[in-house]
Structures are given as structure tokens and as C-alpha cells.
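Below: the structure, in C-alpha cells.
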Amino acid sequence: MSLRFIVGRAGSGKSHSCLEEVRQRLRQNQGESSIILLVPEQATFQYEYMLATTPELKGMIWAQVLSFRRLAFRVLQEMGGAARAHIDDLGKKMVLRRILEQRKSELKVFHRAAKQPGFADSLASALSELKLYRIEPQELQKGIQHMQEAPGSAIRDKLADLSLLYNDLEEFLSGRFTDPDDYLNLLAQRLPGSRTVQGAEIFIDGFTGFTPQEYGVIEQMLGTADRVHVALCFDPMYLQEPCDELEFFYPTVETYHTLLDMAGALRISLEPPIICGKETPVRFQKDSAIAHLEKYYFRHPLQASDAAQGVSLVACANRRAEVEAAAREIIRLCREEELSWRDIVVVLRDLTNYSDLINTIFNDHGIPVFIDEKRNVLHHPLVELIRSALEVITQHWAYDPVFRYLKTDLIPVQRDDVDRLENYVLAHGIRGNRWNDNRDWTYRRQYTLGEDCDIDDNEAEQLAQLNVVRYAAIEHINNFSKKVANCGNVRQITTALFELLESLSVAERMEAWAKEAEVAGRLIEAKEHAQIWDNVILLLDEIVEAMGEQELNLEEYLQVLEAGLESLKLGLIPPGLDQVVVGTLERSRNPNVKAALVLGISDGVLPARPVEEGLFSDYEREALREIGLNLAPGARRKLFDEQYLIYTALTRASSRLWLSYPQADDEGKALMPSPVIQRVKELLPLIQEEILPVEPPCLGGDLAFIANPSRSLSYLAAMLRETVAGRLVDPVWQDVYSWFVQQPQYQESCRRVLAGLYHVNQETSLPPSMGRRLYGSRLRASVSRLERFTTCPFSHFLSHGLKLKERSQFKLAAPDLGQFFHAALKLFAERIKALSLDWGQLSRGQIITITGEIVEELAPQLQNEILLSTARHRYLIKKLRRTLERAVVTLAEHARRGSFRPVAVEIGFGDNAELPAVQLDLADHCQMEMAGRIDRIDSACEGGQHYYSLIDYKSGQPDIKLADIVHGLKLQLLTYLDVALRYSKQLTQQEALPAAMLYFSVRDPFVASTGPMTEEEAEKNLLKQLKMKGLLLADPLVISKMDKELSGQSDLLPVGLKKNGDFYSNSRVITEEQFKLLRNYLEFKLKSIGQQMVSGDIAISPYQRGKEKACRYCIFKSVCQFDPLLEDNLFRLLADQEEQVLWSLIKESLGDKHE
């Protein structure tokens, strides 16, 4: 039995020496003894690979590459102890939650923290640390006794709490479970009797230091194995000289002395150490720059070198540019220096901000990559299935969990069917027991409250298919819901969950997905699918083992399960042999690489800022160390350990070292380089730092950007854009373009790039024949449709030509409220007519009663009872009642002060309507039929002549200007007035003249006041706020029929009358001749718009008038992609002109017709 050290600085050949000796033993070994190569967990694959690929080595059956944990499994399988169920971190946390609940009243320090979420996690970590450092509850009690002289000591009370909880945990685990944190203690106990270790030769490599548990195992090895070889990285000078705590080699020198003392205590013979390396370590014989960094980085005073080759310093615009640059460098190394992918590693201090970027960008560059990190599985379909299935029940079949469940692709329903089902559910607000009440869905979207509810054959067939999909979609989750309803404890719920997974054949689906991914070459994804099922089942088993008989409701069970799923991570080994490995400095173990790219060398990242973690502060750790309770190093020691990580980063590769840092983060905030960068500059002053942008510069471009065809193509597109813009571009991009054009596989991509360069974001007109096919030679149109066309022809094409529309959702929107008020006001007019009541004589009480009845009648009809669906919507009914009441009170005041009375309410014109359609002849034998519905037509008689006042209800605060009519933006009022006058004989048996066209705002406004206000004053203020807007006939007698109390400015109408009978200048009045002129212009404008439609005008041409833009509320922005910065995307500017100019334009447009 002997111990031998293999010592040397980085790159001196320690690992090579270990491997060579193992190979030599394998060549000589005839089975007399086993050979164990003990390395860190993450390095086992690399060492196995290096042994397995040794030329002329016939086999390695007598050699095993193991980590401490794998050695423990091997020995416990041999000696007993491996069969007992083990409990992992999640199980311990669940047990500790229960213990904390039971003991919270007895805790001195943790009694408040015990209730906080996450405390069980911190406690579990603290107890694991105690076990790793071989501190038993008895040692904690001794520590408490040492501190008895310090009354009220927080550390003493903390130890007391930990001792109590530690004891409870051990009592719970005893005889039931094996704690993985105890594996190495068990290994140390069983190891002396193990034939695996007895007489074996053990090589230990790759460690900086060991935990007390690991020291305990090594202690037993020294007394059991034949020979133990330990490779440690430090300068051989420290074999004879003391090492200061501030030295970066201190951790490994401390390890050396600990093992030396251990061997002395055990009286194990020491073999002479093997000292590796010469003046220049073997690894760096070919690269003096890296060798200089290895030797002098931590030495003072500074010793600069004129060496430069082999080390690169790179500053990049941001992290994306940094990873892009790293990808280009890797391709260059493989292409120009003939390295293999496996010869290159990428290392970082922290992968958090880089992992996704590296995965995406390296794949874009065609670089095979393996990122050495535990993979979170929260977004895996299986995990999402489990979480959403439970949430479906806990959230009572809410929309979100139901469709997360259905979109996992683990349900026997096609995704297209799920999408159709989702559209239907969103449109009709289906949730809760409407999913599983066994009644077919027959809900339909109604666009008016009086719509016929009969379902045609096509709709019936679609609903039948939808219900088939629905029943198939909920079959398994419905059964699961019924089972869970009868479950009383954790075991029963978990059993029901497992049966759900079985019924869905999830295990078979995972296997099929794994095979599919493997065939497609997605090896990482294949391994994830292959591992996830077993890991989830193990998690369910552990939950049952730890809490099986505990009674939890489903919400509490879900919390426990989610905690387990969040901690579930997959550890994968590299799926291929030749690939770039990416890892952190702490985990990365690649002993034989030629090039290392160290990314993210920013201030505060490398070295990392120390952070106090766990239940013990640095001060408390030091205090415990003084009484013999040694815990893990605190933040201060970790800061010194960071120096060793810097050393490993700089010495990882043998020939190429590429150091980079980002100058800004993802939000553009500046980042400073690490002091490491400055130190390297000082040691190697001849190295020129490169500053790399996100994209290549136009002139003097770096050829490294032309490294990968797919990425070069995107850069080429940028360069061609610069050329088109008239800027000079490096001629090399012409060569790049020529290369792409000559490659058959890239010709289509080149075509798209060129098309994009000269892309004009504009649509050419449809051929007239296509326009007629699309809209018909007999164009049926509404005024709102024509106004949409005037707003933007392309918007009209999308909505009425292609019939695009927003996804229908079960929510109360402005159109729904408009629909409600139109129906309510119609019903009110019909109700008072049936009761023979006059609008002008209605009392407030009558108004309140009738409006209340109407709201109660209509509320259930709106959108499948949406107003009854939630408390918020039920409150809205009260608001709607108030608004309707206010509208009727205002209209009644109009009637009281005037003579105009309704002659038609909600009257339609068009096919199958009360009034005929308006027929307009267009060119090329086309016709346009105008159809619509008029809210209200009032009539009064003056001097034997009937006059019509046209009223349109709006929910906002609308107004109309002459410019709106001239530009065709607001034609509805004028069109409806024209229809009313056109068919006046059918309404009042004689022709009528226009009196007004007005907007009436249906709303319940607030009254602003700076002081007390009487009810009469408030009513007057409300009338002013609800004053109608529009145009009236400039005839005082006719206007007096609308407001007989008019004196000065009217509070009902947009008009004011002076004492001399003249109108105020702000009065919105026009003459009878002007009304006639507007009606003639209307016909001209309608025909003009209709002709543009059928002619195929679909131009992207939104209007802009001042700050008002057509695109502001357009739902088609993502389709048209209108961009004012593009040369061909210009707003159609509409100028604000004086009314005199506008009347001239109208006359000019009509020519002789206005005479």
C-alpha cells in the first residue's frame, strides 16, 4: 500500500502521465488486479473516450473510469446497500416541509422563516452541506455546548434549530431510504471489504480539492488499494516551500498537505512524486504566448513578452456579435489550421446569457455543438401535459390550461382540429362544466340581436364535427377528473395521474419521438425524449415514497409536483465524437484540446463577485471553524478560488487561446471588460485587440465574415443593400455574389435576396376581370365598406376581397355595445308607440321603468349571455341601464322642445329590406347596390312641407365636417339622409326636404364641477355634453321645430341664433341648395369609389390628415407592413381646407350637374 503524487503546473502532462500508466498496466495486466481512474463526474466521458481510442489497446475490461458517486454505486451493489430506495432533493424538501410544520413552534431562529416559500430548499442545502462535511447531529450538539458561555448567541440558536431538524430528518430516513448525500459515507464504510478496490491501483485526476466525505473515501482507499496515485495541479516548488493563502495554487497545495498528513497518520508509504513539466510545460511547447501567460500571469513584478502568436483578444459589440465571432473563429481554425471540432472547446464563467445564443448561432454556422449543462425540462410536452392536466381541474376547465393540455401533441386529436376547437371556444367563451356536461355545443355568433337563430345544414355539419373532436379531446382528462375527485391522499392522486399517462400511451409516444429525432440527426433532442419518461416516473415514485399517505388537496399536490418538475434536469453526454464542447470553467474538463475560446470575460463575471449563500454567513462559518465545525469555504475564500479558475481558463488549450468580451448587454447598456483583459494586454503588449461589429463593414471587410454560406448570404444581402443605396462596398462581396450564383443549391436563395433588394411594398391593381370575379359585376356594398376603401384600398381588399378578419373572441367590444344600444332604442320606440305615448310627454319614471325592462330583456341575448357570464359583466348591465336611460331622457328632451317625431327606427334598405336598394350604374356594364340600416328618421311639417331629420347613434363623440364628405371618409349620414329623402313617399306619403343629418352620442358622461351644483344645473350640463353634431338646414323656422326654446346658443343642437334672426358663425348650417349639391356630390362620390373597386384598385394607400392617420387602428398592419420610411410607402395626404374651397371642389367635381 502506497501513495504517490503526480505534480505539475497546467499543461505539464499530469493527465497524460496518468493515462499512459493506465494504458501500460492494461497492456501488462493479466487480470491480477483492477485499475480505477477516479475523475470528476463531468470528465468521465472524456477519459473513457481517450482510453477506448488508444491504438493497439485490445480492451479495457480491467480498467474503470469512475466518479466518486459511480464508485459508490459499484461498491454498494457488490457489498449491499444499493437496493434500498433512495430519496433525492425533492423528496427531502417535501419531508422537511412536513418537519418544519410540526416543529415550527419549537424553533428559535427559523420559526418565522419556516413559513416562507423556498425556506425548505435552503434548509435542505444546509443539511446537505453538513453531511458533505461529515458533521452529524452530535457534532452540532457539541458546538452548542461550546457556545453556552455566550447567552443569546444567534449562532448557538441556529445550531439548535438545525440539530433538531437534522435529527428528525435522520429518524424519518432511517430504515426507509438512503440519502444520496450519505452515499460516500456508506462507500467509506463498505470499501475495505470490496473486491473492486482490494489490491487495485487507483489513479485520481482532475480534482482541485476534496470534501471531507471524499477525504474519508480516500482514507479507506489508502488502506485497501495496492497503490493510489493523486495528480494535483500546482508548482512543484511548493513540495518544499509553504504556500501563502493568497496564492492561486493554495487550494491544491492545501489538498496535497491534507493527503500527506492522512498518509502519515495511516503509516502508508510514500513513493517519490512524479514532477511533470520543464521550464515550459509540454502542452505549450509550440506556443510561447500561452506559455508566458501560464508562467507570469500571477507573478509580480510584471514581465512582458514579445510573443503574440496563438492568443487573440476580441471586443464585440454585444453578446450576439461575440458568439457570431466565436463561430467564425471556430470555422477558421478547422479550415485553415486543420483542427477537428473535438479539438476546440468554448468555456465561460456563466452560461446563463449565452446558452441559447450559442445553440442557435453555432447551428446556423453548421458547427456540431454540445453544451455541457443540465437541461431544464419544464417546457417539454410531457411535463406540460402533467401540469396542465392538473390545472384543468384546479382552474375548473379554464381556457389556458385546457389548450395547453391539448397542444402537447400527446392527445389523440390532430393539431388542426385543436385549432378549430380553440377558435370556437374563444368565440363563445366556453369554460367550466360546459366542456363536460355531455350536451352538444350549438352556440353561434350573432351579429344583431334580432338575428334568426336557425342553423343551416352546413353549420349543423360543422358543429357535429366539432363536437366529435371535443369529446375525443376531453375523454382522457375527463376520466382523470372523475378519478381525482375521489382521491384522498398523495398515493391515490399519483396513481390516477399515472393511469392518465398510460391511457394516453405517453411512454410509447416518447419512444417514437426519440427515434424520429435520432433519424433526423437531432441527437440531443432524441436523448431528451428517451430520458424524460423515466425521470418523470422516478419523480412520481419519490413523491409517493415520501408523502404517499399524506392528505393533500389537488392545489397542494400541484404545488409539490411543480416543485419537483422545476428541479428536474436532464444530464446528457455528448451524442457524437466530433463536436465542439461548450461548458463553464467549473464543470469543463477537457484535458486534451488544441484551441480554447473563452467568452464573456466581463467585469464582475470573471472573476465572479462573491455572494454569501446558504443559512450561514461568512462570519458564522469562521466562528464555527474555530470550534471545530468546518463547513464549505465562504465568499472570501471563493474570491481567491476565482483566481484558480482564471488560471485554468488561460491554460486550457495547447495552441490557440481566444479571449473575448461584449461591450454592451442585450439592452444596449455598456459592459466593462474584466481585469483579466487588461492583464493579458500588459503581459503580451504586441497583441492587437480586435473590435468586431455585429455585421461586416462596407470597406476593408474582414474575410472571416465569409465563413459559412448561410450566414454569408445574409451579410451579402446587407452589402447589396448598401450598393443599391449608392455606398461603396468592398469588391470581395462581388466575388461572394458570383460564387453564390454559380452554386445550384443557392440560386433560389439568391433570387430571394435580389427580390428583397428591389422589393416594392406596394400592390399592383388587379385586372378588371379579376376585380369583377372577386366582387361581382353587381357590386353589393354598404357605406361603411366604401368608407373603408377610401381610408385605404388595400385594407378594403383584405377585409372584403380576401375576407380576412380578426379571431373572434368572447369579449364585450365596442361593436357589441353598439349592437345593444341600437336594439334597445328600437325596442323603446316600439314600446312607447304600442303604449300610445308621446316622446315629448314621457316622465322620468316611465323612462326608468321601460328602459329597465328592455335591458333585462336584451342582456341575455347578447353574445350567448356574455353580460351574465361574470360579476364584472353583471355590473356592466347597471352601467348599460344608466346609459340607455340617459340617452332616452336626452331624446325625450329633444321631443319636448321640438315637433320632430320618429317615422322610422332601425329601417333597412336593400334586398329583403323595408326600403329598396339604391342602384348606381358603373362603367363596363357594372352596377352597385347600396344597402344598410338607418337608425332613426324624424319628421316634422312646416308650411305644408315635410322635413326629415336623420339621426345616427354612435357610442363615441363623433362629428362630421364638410372635408369628411369631400374626401369620402364619412358618407354614412349623407347617404342615409339621401335614402330617406329618395323614398320619402313610402315613409310619409309625400316628398320631404332635408332638415338635418345628426350624430347622437349614446353615453353617460361625467359632469365636471368646481363646486356644488343643483340637479337642474347638472341636467343642463349633461345636455350640453350630449349635444348632437352634424349639419342642419339654414332655416330658422325649421330649426325652431327642433328647439322651440332656442335663444342664443342651443344646448341640444350645433346651432346658435342671434336676436336679429341670423345664425352665429359657429352654427353648423347649410342652405337647401347646398344640401342638394351634397346629394349630387354623394352620387358622384359613391360611383367613383365603386368604379375604383371593380377596376381592381388595391393600392397600399392610407390617408393622413394632420395627426390623424388611417393606420392608427388598422387590424391589418402585420399584413401590409406599411412603413413610411420606405420610398414607396407614402401617406395619401389630405389637406384641411376652408369650407369655401371645399364647396368649390364639389362644384368642380360635378361640372354642369350642379347647375
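Don't overthink the numbers, they just go from 1 along the chain as shown.
Any Cβ shown, glycine's included, is placed from N, Cα and C.
The feature domain 'UvrD-like helicase ATP-binding' is assigned by Swiss-Prot to 1-300, with sequence analysis given as support.
When secondary structure is read from DSSP and collapsed to three states, SER12 (ATP binding site) falls in the coil class. Residues annotated as ATP binding site in Swiss-Prot, with sequence analysis given as evidence: GLY8, ARG9, ALA10, GLY11, SER12, GLY13, LYS14, SER15.
Look at Swiss-Prot and you will find 280-590 tagged as domain 'UvrD-like helicase C-terminal'.
Residues annotated as [4Fe-4S] cluster binding site in Swiss-Prot, with sequence analysis given as evidence: CYS792, CYS1111, CYS1114, CYS1120. Sequence-distant contacts of CYS1111 ([4Fe-4S] cluster binding site), defined as residues of its own chain at least six apart whose C-beta falls under 8 angstroms from its C-beta, comprise CYS792, PRO1102, LYS1117, PHE1122.
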For this session: List only the single closest residue to CYS1120 ([4Fe-4S] cluster binding site), chosen from the binding-site residues ARG9, GLY11, LYS14, SER15 by CA-CA distance.
Result: GLY11
For this session: Sort CYS1120 ([4Fe-4S] cluster binding site) into helix, strand or coil using the DSSP assignment.
Result: helix
Exercise. So around the [4Fe-4S] cluster site, CYS792, CYS1111, CYS1114, CYS1120 aside, which residues have their CB within 8 A of the centroid of those CB atoms?
Worked result: THR791, PHE794, SER795, ILE1100, PRO1102, ALA1110, PHE1116, LYS1117, PHE1122
Exercise. Where does CYS1111 ([4Fe-4S] cluster binding site) sit by DSSP, helix, strand or coil?
Worked result: coil
Exercise. Between CYS792, CYS1120, which of the binding-site residues has the fewest other CB atoms within 10 angstroms in the structure shown?
Worked result: CYS1120
For this session: Might you list, by sequence position, any residue in that chain lying six or more from ARG9 (ATP binding site) with a Cβ less than 8 Å away from its Cβ?
Result: CYS233, PHE234, ASP235, PRO236, GLY277, PRO281, GLU294, LYS295, THR651
Problem set entry | Inter-residue C-alpha distance, GLY8 (ATP binding site) and CYS1114 ([4Fe-4S] cluster binding site) (nearest angstrom) | 71
Problem set entry | CYS1114 ([4Fe-4S] cluster binding site) and SER12 (ATP binding site), distance between Cα atoms, whole Å | 69
Exercise. Where the distance is taken from Cα to Cα, which of the binding-site residues ALA10, GLY13, LYS14 turns out closest to CYS1114 ([4Fe-4S] cluster binding site)?
Worked result: ALA10
Exercise. Any idea what the model's mean pLDDT is for the domain 'UvrD-like helicase C-terminal' (280-590)?
Worked result: 87
